[in-house]
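According to Swiss-Prot, the protein carries these features:
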type    : residues                                               : note
DOMAIN  : 6-254                                                  : domain 'ABC transporter'
BINDING : Gly38, Pro39, Asn40, Gly41, Ala42, Gly43, Lys44, Thr45 : ATP binding site
Amino acid sequence: MSRPILEVSGLTMRFGGLLAVNGVNLKVEEKQVVSMIGPNGAGKTTVFNCLTGFYQPTGGLIRLDGEEIQGLPGHKIARKGVVRTFQNVRLFKEMTAVENLLVAQHRHLNTNFLAGLFKTPAFRRSEREAMEYAAHWLEEVNLTEFANRSAGTLAYGQQRRLEIARCMMTRPRILMLDEPAAGLNPKETDDLKALIAKLRSEHNVTVLLIEHDMKLVMSISDHIVVINQGAPLADGTPEQIRDNPDVIKAYLGEA
């Protein structure tokens, strides 16, 4: 059996006297779609914040391809190929759609100050390649015709897709999506489902998803992890989770 691309053991996060995350375990295989579900306030986003370096976990291990990454700052984790979206759209609203993508591409540009100042052939070539890659991802998320529109003027579902495209500009190995279907209508949710499937099948991306839309979760996930009150409650296939009495109780309460 191959080693998981991401493995989390005993993840713990305290805020003073509050134990927000308590002993969460997670294994993600390459090219899987793994969903993390649970009632509001269960600690799911806190887990994401620990995995991506926004929080420094109090305890536990986070391994990416066997390398421990807990405690690393967010930008170093991103450079290792782990990127994320947030519950709230975080685009540069005054910039165009294509400019939002180019911002995410800066680390891959073969440029420096002098090259930019003198517009060297290497700089121009790097700039051209960045534009071509941005155009590619605008096409992948069906936003080509909106390339020069300000991001803030796009429909909400379009902004969500643009956020995912911006993540993909960094060539990630793991894409973490925090409630990407929140606020979407059924057609937009179907488009999101198709996009996630495409990222996995055509771009070899592993997806870790927080989502409350159970229809989407059950239809797209290979594996589901359930968290309740900061602690692991259950994990398994969609079929196993659907019929788990502890999961049903956590969502619906006891009769």
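Cβ from N, Cα, C; glycine included.
Fewest Cβ neighbours within 10 Å among the binding-site residues Gly38, Pro39: this applies to Pro39.
Note on Ala42 (ATP binding site): other Cβ atoms within 10 Å of its Cβ, all shown chains, come to 22. Set side by side, the binding-site residues Asn40, Thr45 differ in how many other CB atoms lie within 10 angstroms of their CB, and the most is found at Thr45.
Comparing Cβ neighbour counts within 10 Å across the binding-site residues Gly41, Gly43, the minimum falls on Gly41.
Within its own chain, Lys44 (ATP binding site) has Met36, Ile37, Gly38, Ile210, Ile227 as residues 6 or more apart in sequence whose C-beta sits under 8 angstroms from its own.
Taking the mean position of the Cβ atoms of Gly38, Pro39, Asn40, Gly41, Ala42, Gly43, Lys44, Thr45 as the ATP site, the remaining residues of that chain whose Cβ falls within 8 Å of it are Ile227, Asn228.
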